[in-house]
Each structure stands twice: as C-alpha cells, then as structure tokens.
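Asks: Just passing along the structure, written as structure tokens.
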Amino acid sequence: MPKVKALQCALALEIRSVTCPGVVLKDKEDIYLSICVFGQYKKTQCVPATFPLVFNARMVFEKVFPEAVDPGDVVAQLEYDTAVFELIQLVPPVGETLSTYDENTRDFMFPGPNQMSGHHDSNRQVTMRRISGLRGIAPKLEFSTTSVITECLISSRKCRTQDKFTYHSAPVEKSHGRLQCRTSRSQKKKSKSPERSKYCINTKNYEQPTISSKSHSPSPYTKRRMCELSEDTRRRLAHLNLGPYEFKKETDKPPFVIRHVDPPSPRTDNFFGSPGRDCERDGWVRMHSDHPHIGCCRSKDYKVIRSPHGRDFEDPFERCEEYLSPRTCSKPQHSARTLLVHSAPSTTPKHCASPVLNRASLRERFHSDWCSPPNCDEIHDRVKDVLKSHQAHARHLCDERDPEREDELELKRSLLYRDSAYDSDPEYSSFQRPRGSFHLDDGECWSNRAASCKGKSHRPVFENSMDKMYRNLYKKACSSVSHTQESF
C-alpha cells in the first residue's frame, strides 16, 4: 500500500509536583493527576493526600496530522484542541475532583517568554482552579514540556483512521536521550503484525477505567447521575456498562393492597363445582393477594359474598334487610338468594399489634353470629305483628275505647295463637320457666303463686308487658310527629 508524507507532533510532558501550602485535606484517600492532550487521557500514580504532592511522572503524547503541509498548519490545528489537568482524590463512590487546569494546546506546547521561570530552565508553574470541595489557596502545578514537529510516512489507511489511533513511526529528536531511546523502540515495533500493532495502539488511548472507578461499586443513583455526564466521561466509564437510565416517579409503583383471601378448600370446591368455571359463569369476586408481610397482621380472612346475578352486596342496609326478612328455622344457610363462603382462618402468626389491622372488616362484623337467624326472625315477627296490626293503628289513631278493655282483648288474642305454641315447645317447659318474682310495667309484682291463682303462665304475662311497652313507644312517636307538623 502506498505511503504518504505527514507531519507528526510529539509532546514530552514531565510532571514534577503540585504544591498548596497551608492546606490540609479532610479526606485521607490517595490522589492522582489526570491529563488529556490530543484527545488522549493519561494519569499518574497515586500519592498520599499530603501537600506537596510529588509525582515525578513522564508522559509522551503524539499525534499525526496527515492533511498538514507545513508546521504552521499543525500549529493552527492545535488551537482547536485543549489540554486539561484534573487533580482527583479517590473518594467514594466515583472520586472527587479537587482542582482543574485547562489551556489551549497551542499555548500549552509553545508558551511565551513570560510563562517561563528562567532562560535556561524549562520548568513551568501554573495555578489550578479550585473546586468547591477544596478550601484555602489554589494549588500550583509544576511541570515541564518539550514539543517537536517532524515529518513521517504513513499509509493511506492510517490517514483515514488517524482520528481514532496514534502512531509512533517518526523519530523525535531532542537533546535529551530519553526520547531517542523511545524512538528506537518504536522503530522495532514496525515488524509486528498489523493486528498486534493495532491492539498496542488502542492501549495508548485513555480507554481504561480510572483507579477510583475500579476500587468502588457505584450505587444505582450514582449510575443514573453519571449517565448525564459528557461524552468524554462516558468513554472513560464505559467499562461499567451503565446503559440508558431514567428517573422513575414514585407514583409508578403498584398500589398498596391490604385485603387478602385464601384459596378455597377442596371441600368447598367439590360442593360448589369447579372454581374456574364458576368464576366465568357466576361472576365470583376475585381479590388480589397483598404483600406477604401484610398478611401476617390479619386476624382472619374476609368473606366473599356472591349473588346469582354476579354482583357484590356493597350496601350494608341491603344485607340487614335480608337478615331481618322472615325465614323458617329449617331453611338452609346456602340459599338461592345469598351465598356466604367462609374461608379458613389464617394460621400465620400475628406479628402486628395494631388494633386497626387486627379488627375485622365492617361487613364481617355486621354479619358476625351475635345472634342466630331464627332468633332474629322471631323477634322481628313479634315487633312487626305489634306495630303493623290493624288493632294497634286503630287504637292509637282513631279509637277512643277503654285501654283496660283493649288490654284484655289483646291478651286473649295472644293466648289463642301463641300460648299453645310456646307451651308445647320443650325449650319453654315448666321446669325451665322462671320461678322467681318480677315487677311488671304497671307496678304489679308477678310470681308463681299469682300465676297459679289467676291461671296465667309467665310467658303470656311477659308478652302482654312487651306489647304495652311497644304501644307506649309507638304512641310517643306519633305524638312527637304530630307536634313537629304543628310547629311547621
């Protein structure tokens, strides 16, 4: 492949020390200096965090300008490049930059006379810019540079890939013997294969991770923040495989669920049929299980209520009407109107003592067995017979007959259709009836002797007393309503 002529610029940089009198760093981690020239990153060895920082490091930066025809073109192109120095301390998680210094590469490589400390001395001193974490005076960097522009021969393919790689093909002549030794070694590398030389050239670029990034594992928040850095920083931290990260809002989390229902037992499945088919056909209510640590705080599971139309009973008053509606004692609990599925109580130990979580739900407390349904129906029938009877309405609204006569008639009616039923019931047999005396509503004392003399049992007298109490309550309610209407 034919070779073409090109100009190569070589920079020999020798870093001596960084001084900052009177400044003590709060962190004791090691410090190193990072340098970027010609787009190539290099770094010094780590030194203890005590000023002055003595590095005594020597570095060589080389770059080929294939399109330049004279040194003036090279100098003109150097104006578009910047030399950057960063003083970095290995503070977790990714290191902390203490101070920086940046200058145009042309002025950095070819300083003016006023930037030199002496006529025969090549040492230079520049003041670095402090970052907010460093207090006191600004650090001062002491270094020396040697720059050479030479002509070299490179292939046309290397000309096209010059922006990615750096080549060591031309000698760098200087009075110092160190550069000549490096030139002789670089000439020996010409005989190596192209694949191996390409690998060696890639290692010259600053593609290796920094020391601080190797010694620490960044947190997820640090990873997301590091993705917002510049492209140069992305290239330096490419080994972390950060990828595209985005900040997520807290509202993206799934809602917090408390209710929990255990799967039905096999016995229940056999009684009600297949759970999968029943869910599709009858519309069972499905409830999502909550987090495992929430289920431990539940005293017992909830009940699932299903109607034949596939809707839930959400209104507690509708459930109250169903419980208070008349029904017989022989009616099964699993009726056609309502189906109650009681899941097994949770066997998980209780770790939470909160009364709010241990308390049963409103629906469960409402449907608890504080009294059996037959007793509720019986009480409801008696109250409804008293309040909705034609005799009670006529007596309190229209009739002005004697109250004592009405009491006797009501007592006879009650004896006709109630006394026989309760006397035949073994629950209210003679040996189970109360044998002590008690006071009635009108001040009369009733006992077993009075019952034997008058020929009345305790049950009719008790019912008669209850009827009087309900009539008085109804009369008071009607009078209060009439007074309210008159006031309006």
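Glycine residues also receive a Cβ, built from the backbone N, Cα and C atoms like all the rest.
So Swiss-Prot says this about it:
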type	residues	note
COMPBIAS	200-220	compositional bias 'Polar residues'
MOD_RES	Ser217	phosphoserine
MOD_RES	Ser219	phosphoserine
MOD_RES	Ser265	phosphoserine
MOD_RES	Ser274	phosphoserine
MOD_RES	Ser325	phosphoserine
MOD_RES	Ser343	phosphoserine
MOD_RES	Ser346	phosphoserine
MOD_RES	Ser354	phosphoserine
MOD_RES	Ser424	phosphoserine
MOD_RES	Ser465	phosphoserine
MOD_RES	Ser487	phosphoserine
REGION	176-225	region 'Disordered'
SIGNAL	1-17	signal peptide
Asks: Out of Ser219, Ser465, Ser487, which has the highest number of nearby Cβ atoms, where nearby means within 10 Å of its Cβ, if these are the modified residues?
Replies: Ser465
Asks: Can you tell me how far the Cα of Ser219 (phosphoserine) sits from the Cα of Ser487 (phosphoserine), in Å?
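Replies: If we compare the Cα positions of Ser219 (phosphoserine) and Ser487 (phosphoserine), the gap is 76 Å.
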Asks: Between the Cα atoms of Ser465 (phosphoserine) and Ser487 (phosphoserine), what distance do you get, rounded to the nearest Å?
Replies: 33
Asks: DSSP on Ser219 (phosphoserine), three-state: which is it?
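Replies: Reduced to three states, the DSSP call for Ser219 (phosphoserine) is coil.
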